[in-house]
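Structure first, commentary second.
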Amino acid sequence: MKNYSKNATHLITVLLFSFVVILLIIPSKCEAVSNDMQPLEARSADLVPEPRYIIDVPPRCPPGSKFIKNRCRVIVP
């Protein structure tokens, strides 16, 4: 009879432990799913800060050319 009660106690302990683990895991999974359901713009806005100051720097052209009308043009002498 002792053996059965020991097995039952062990079984109840394992079941309670697994129940507690499930209760801890399920809310975090639900939160991850709700974050995935948000639009991409809403998620990326939280992650990437917008640059405050945008400085317009003209691109550098190779020697012998100039930046004309948004392109590097070769100057022919």
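Each Cβ is built from the backbone N, Cα and C atoms, and glycine gets one as well.
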Using the record from Swiss-Prot, pick out the residue from C30, C61 that is joined to C72 by a disulfide.
C61
Measure from the Cβ of C72 (disulfide bond) and count the other Cβ atoms within 10 Å, all protein chains considered.
13
